[in-house]
Every structure is written in structure tokens, then in C-alpha cells.
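Below you'll find the structure I mean.
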Amino acid sequence: MKRIVDGVKEKQMFSLMSKLFFVALDIACINLSSYLALWLRFNDLANVDFPYMNSVVDMIPLNTVVTVLIFAGVRLYSSLWRFASMKELVYILEGCLASTTFNALYYFFTYKKIFRSYFLLYGTALFLLTCATRFSYRLIKLLYRGQVHGSHMRNTMIIGAGEACNVVMRELEMSKELDANICCIIDDDTRKHGTYIHGIRVVGGRDRILDYAQKYAINEIIMAIPSASKKEQRKILSICQNVPNCEFKILPGVYQLVKGEVSVSKLRNVEIEDLLGREPIRVMTKKIGRYVSDKVVLVTGGGGSIGSELCRQIAANGPRQLIIFDIYENNAYDIQQELKRKYPYLDLVVLIGSVRNGRKVNSVFSRYRPDIVYHAAAHKHVPLMEDSPNEAIKNNVFGTYKVALAADKYGAKKFVLISTDKAVNPTNIMGASKRICEMIIQVFNNRSDTEYVAVRFGNVLGSNGSVIPLFKKQIAAGGPVTVTHPDIVRYFMTIPEAVSLVLQAGASADGGEIFVLDMGQPVKIADLAKNLIQLSGFDAGVDIEIKYTGLRPGEKLYEELLMEEEGLRSTENERIHIGRPIEMNEEEFLKDLEELYQSAYAETDHMKKIVKKLVPTYNLRKADIIRDKKIQSEWKKDFQDTSSNLPDAFLNRGIADMDVNQGNAESKTDQNQPGQPENTHRQVYMIDDVKKAEPKRRAQAVGK
């Protein structure tokens with residue numbers, strides 16, 4: 001605290017000393033102006049008539065005091081002269097005119113002898129000297145910067161000749177830290193061509209960017225067009241990418257220009273997101289706020305990329321209580337500390353646990369009774385899940401099942417599943433598992449008073465495990481940047497967009513919908529790699545190599561956002577659509593789900609055949625079948641070598657901890673049926689509870 005107080009006192013002292021310094025300069029200028037007026041009139045002070053000299057000498061003390069007070073009145077001692085502009089020039093002019101007028105009135109009423117041209121000469125001299133003392137700071141600053149930075153100054157091109165350009169140029173010129181040597185300005189408005197801003201010429205439109213970048217050896221380009229759309233930014237940046245060894249910076253948005261917040265501090269490096277060419281999705285923030293406000297909200301996987309952003313946006317809308325449920329303690333701890341700092345009065349609960357642990361899930365719902373559930377916990381890495389397919393089923397499918405069932409049992413109002421475009425016509429086990437998750441919530445929605453909804457989106461930029469962080473690490477290491485196929489394409493969205501869609505889906509859901517974001521055109525991964533290399537100041541294929549490694553197991557060249565048979569239905573937000581749920585035999589689905597559970601927990605290769613039955617578009621690849629059989633045979637051999645004395649029933653059983661309906665299951669028989677693996681009856685009863693549930697929503701709809 002003492003350090004802060006001392007710092008404030010030091011700043012106040014510096015401000016006072018600065019004002020006293022300018023007062024001293026002005027006193028000198030006022031006196032000098034009076035004598036300069038005499039000298040200019042008579043060419044030499046020695047030739048000045050005595051009455052004139054005597055009048056001026058008598059007047060100087062009073063004139064000095066009054067003029068300093070006038071200067072203070074027009075705020076000349078309150079301005080920051082390092083940012084002096086036309087407004088400060090007007091203040092100086094007003095002060096000098098007022099001082100000259102005072103002199104005229106003084107001589108008029110005192111009948112002191114003075115020549116008439118004195119007032120014009122005095123006023124002009126005072127104005128020029130005062131301007132010199134103020135604006136010489138900027139001149140000295142510019143000269144000093146040139147000497148300090150010398151050849152290390154960056155040759156800078158600015159795109160956009162509007163107000164943002166004016167502000168940015170002024171700050172670049174006066175900044176102590178920045179070493180920008182502004183060489184030229186680019187603007188598409190032909191009326192501005194050939195004009196100057198702060199002495200820098202507007203040389204032409206975007207078609208001349210490459211010419212002048214080469215002419216001036218440009219190594220920094222600043223886009224100062226806050227009003228430019230994403231599509232327009234992408235067009236300009238696509239040209240700038242051809243400038244070798246050049247950094248790019250951009251102003252974030254037009255709202256900052258409107259608020260007067262445009263400054264050098266707002267400049268940021270151009271990110272790969274700027275090249276996607278899609279306007280950010282706009283959501284109804286008020287509706288989301290009303291929906292989340294004063295509710296108990298549970299976020300599973302709350303420490304992950306999507307889950308943590310969900311928690312941030314939910315916390316900003318004033319929930320009664322926010323519960324983060326995550327198995328990874330480090331991520332959970334990070335978001336906990338962040339939210340505590342930003343929202344000190346937030347009722348925040350952070351719990352460590354797995355969605356696969358039925359008793360834990362049941363305990364959380366029983367204790368906190370959440371109103372809204374966002375289910376973001378899942379395994380998402382396609383290649384890893386191809387090598388551990390049963391884990392994808394256990395975590396994604398049955399983790400979703402347990403959380404969904406608990407939401408129904410404990411009366412949650414809404415359940416929102418985070419899904420993926422990989423659930424459409426899946427060729428990999430991760431996508432197929434998420435498709436089964438969507439089917440699960442459709443079944444629950446038809447049989448529960450809780451509203452169940454899924455939100456499906458594409459790849460998320462900047463999330464853990466996404467291509468952008470991977471590419472950045474590879475570039476930092478000197479390459480190569482690895483891409484699986486030259487023609488592979490993906491849909492992309494930012495983390496805030498993804499979370500906004502999830503929140504709006506929850507606010508707008510009636511139950512059973514699959515919400516899909518209109519994400520524009522898909523992007524080639526190879527182009528993303530090239531752009532990121534270029535934005536990092538390297539040449540793709542020269543400085544950093546792009547290496548094509550071949551499609552990984554289960555990977556598709558492209559992802560569909562909607563299955564053809566689902567169709568599309570519009571919403572109040574033109575960028576968000578709803579896919580109609582696919583009709584299915586729910587009883588048959590639940591029966592297959594029982595079989596899938598037993599197969600997954602028994603670690604058998606039969607699991608994929610059940611997945612194929614549940615999701616017909618999922619295709620078993622011959623190479624995968626051969627690999628699975630090999631792994632299975634090796635696993636059985638190793639297990640038998642180490643556990644030959646264990647009973648067969650133990651080898652075949654699932655996990656005992658599958659009881660989501662803990663109280664109900666314990667009241668039922670614990671005797672295994674003949675031939676049934678030990679303890680798996682608990683999962684059967686769990687699914688039986690859903691089978692027996694009355695299709696409430698369907699019945700209600702028919703009644704209406």
C-alpha cells in the first residue's frame with residue numbers, strides 16, 4: 001500500500017514540476033515577445049524611442065501575470081503536449097489573442113505611448129514562441145527516435161487512410177517503445193490518392209501493396225480499417241501474405257473507433273482466425289442472460305477448452321451457483337482461480353470426478369440439484385480413440401447416458417449435449433460415439449420432462465489438440481508442419497462462437513433439437529498451414545516445409561454438418577439451424593445399448609459391430625478389423641499369463657460402479673441371472689428404467 005501511495009505522490013510531483021516548467025517557459029516567451037515587437041519595429045533595441053521602451057518595461061510585470069493566468073484559463077497547462085494536436089493549437093491562439101487584447105486595452109486606458117503595429121508584432125511573436133515551446137517536444141522526440149533506433153526501425157505500411165490511420169500514426173510517431181518508420185499509406189478511395197497524412201503520402205489502392213512493399217522494403221503492415229468486414233479483411237490479408245518476411249497487425253473492431261478507443265495498444269498481430277473470412281455469429285445475449293441468471297448450472301468437462309469458456313460466459317450472466325465437474329484437476333484449478341479473480345462473489349463449486357463414475361454423478365445431482373446441465377466432458381481425439389475404441393464408448397456414450405439419466409431423475413430443466421460435426425456419417429469411432437450420444441438424448445427427450453438438446457459444431461480454433469496450436473509449435477521448432485492430406489478440409493469456429501451457440505441453444509430449446517451453426521465455407525487445412533507460416537514471417541516451402549503424412553485411421557477428407565435425412569429448420573438467428581431428429585426404434589436402440597455396454601466393458605472386438613448396427617453409416621475398415629483382432633488376441637494371451645487363477649466370471653464382468661440410479665438399483669435383487677456376467681445386471685436395470693418410462697413428451701404432443 002505504501003508503495004502505491006508513494007507512486008501516486010511521485011506522479012503528482014512530476015505533474016506539478018511539468019506545469020511549473022511550462023510556466024517558466026511562458027514567462028520567458030511573454031517578456032521576449034514584448035522586446036521582439038520593439039526590435040522588429042526599429043531593427044535594433046538601441047534605436048527604440050525612450051517613451052516606447054519605458055511603456056513596455058512598465059507593462060511587462062502586469063502583462064506577464066495576466067497572460068500566465070489567461071494561458072491557465074485556456075488549459076495550456078493541463079494538456080499532454082506529447083499528444084499535441086490542432087485543438088491545442090487553437091488553445092494557444094485563443095490565449096495569445098486574449099493577451100494581445102489585454103495589452104491593447106491597457107495602453108488605451110492608461111494613455112501610455114505605443115506604436116500601433118506593436119500589438120500585431122507582439123501577438124505574432126507570442127504565438128510562434130509558445131507553439132515552439134510546445135511542439136518542439138514532438139520534433140525532438142522524432143529526431144531522438146531516429147538516432148536511437150537508426151537502422152533498426154521497421155519500415156511500415158498502413159492500409160486505410162481514415163481516422164483510425166490518423167490516430168495510429170500519431171501514436172506510432174510519439175511512442176517511446178515502438179520503432180515504426182511509416183513509409184506509405186494504402187487506400188482504395190481514389191480521391192485520397194496523392195494526399196498526405198502527417199506528411200506520409202497515400203500512394204494508391206490495394207493493387208499497389210506488393211509494388212510499394214518491395215520499393216520500401218516493408219517489414220510491417222498495419223491494417224487500420226476497423227469497419228472492414230471479415231470477408232474484406234481476408235481479401236486484403238491474402239494480398240499481404242505475398243510480402244516476404246513481413247509482420248501483420250490489425251485493429252480489432254469498429255466499436256473501438258466509435259468509442260474513441262483506437263490506439264496503438266489496441267493493435268494486435270493478425271491471427272489465423274482473420275483469414276477465415278466469416279463474420280462472427282451474433283447471439284441474443286439478453287435472452288441468454290435471462291435463461292442462465294439465478295439458476296444452478298452444472299458444466300461437465302468444465303476445465304476443457306469449450307467447458308472453461310462456457311463457465312466464463314455463464315459466470316458473466318449471474319447464475320445462482322456454478323458447478324464445474326472435471327476429471328482433470330489442473331484444468332479445473334486454472335478455471336477456478338480465474339473465475340475467483342474475475343467474479344469474487346460467484347458461488348462456485350469445483351468437483352473432481354469422472355462422468356463414468358455413476359455413483360459420483362448421482363451424488364453430485366442429489367446434492368446440488370442443477371437446473372441446467374452442459375455436458376462437455378468427452379474424449380475427442382480421433383486417432384487416439386481409434387487405438388482405444390472401447391474407451392470412447394465408455395466415456396462418451398455411457399458417460400453421457402449417466403449424466404442424462406441423473407438429469408432426468410433429479411429434475412433438471414435442460415440438458416445440453418456438446419456434439420460434433422464428426423457425428424454426421426461417421427467413419428471413426430469417436431464420431432460414431434457422439435452420434436450415439438445424440439440418439440440417447442433424443443430417447444430421453446421423448447421420455448422425460450427434462451428438455452434434452454444437442455449442439456453440433458466443427459473444429460474449434462485454439463482448443464486443446466486443435467491444428468492451430470500444433471502448427472504453431474511445429475513452426476517454432478523450425479518445421480516441418482505436418483498435414484495429413486493436401487485436399488483435407490474442415491469447418492472452423494472460434495471458442496467464443498462455439499460457446500455462444502451452446503448457450504443460445506439452451507435458451508431456445510424446446511427439446512430434442514440438434515442445433516447447427518452456419519459456419520460458412522470449409523477451409524483447406526493445407527491453406528491454413530501456409531497462411532500460418534506466412535503470418536509467422538516465413539515462406540512456406542522455403543523456410544518451413546509442409547509435410548503430408550497421409551490420412552489417419554478414421555479420418556475423413558471432409559466433414560458434413562448435417563445428415564441428409566435430417567434436413568434443416570430455421571431459427572430466429574439466421575446463422576443457427578435445427579436438424580430434425582431421425583426416427584428410430586427406441587426399444588431396439590435401448591436393447592442394443594445394453595449389448596454395447598457389456599461388449600465395451602468386456603474389452604471385446606464385437607463392440608464395433610454393435611456400433612455399426614446402431615450407426616449404419618459407421619464403416620468397419622478391413623485394416624481396423626485385422627488390427628483389432630491382433631490386439632485382442634495379444635491382450636487375452638497377456639491377461640491369461642498374469643491372471644490364470646482368476647474365475648471366468650471376473651474376466652468377463654464390467655465394472656461394478658455402473659449404478660446411476662443408486663437407490664433404485666440397491667432395492668432390487670443383486671442376484672445375477674444364469675449366464676449373465678457378474679454385476680452387469682445393474683446396467684440392465686439402468687436401461688430398463690428408461691425403457692419403462694412413459695413417453696411423456698410424445699404423449700403430451702398427441703394430447704395437444
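Using N, Cα and C of the backbone, Cβ positions are placed for all residues, glycine too.
Straight out of TrEMBL:
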COMPBIAS  663-678  compositional bias 'Polar residues'
DOMAIN    297-578  domain 'Polysaccharide biosynthesis protein CapD-like'
REGION    663-682  region 'Disordered'
TRANSMEM  20-40  transmembrane segment
TRANSMEM  60-77  transmembrane segment
TRANSMEM  89-109  transmembrane segment
TRANSMEM  115-137  transmembrane segment
Out of 20-40, 60-77, 115-137, which stretch has the largest tally of CB pairs under 8 angstroms to the transmembrane segment (89-109)?
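Counting Cβ pairs under 8 Å, the winner is 60-77.
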So what's near the transmembrane segment (60-77) in sequence-distant terms, Cβ-Cβ under 8 Å and 6+ beyond its ends?
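Long-range Cβ neighbours of the transmembrane segment (60-77): 19, 22-23, 26-27, 30-31, 34, 88, 91-92, 94-95, 98-99, 102-103, 106, 126, 130, 134.
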Give the mean pLDDT for the domain 'Polysaccharide biosynthesis protein CapD-like' (297-578) on the 0 to 100 scale.
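Taking every residue in the domain 'Polysaccharide biosynthesis protein CapD-like' (297-578) and averaging pLDDT yields 84.
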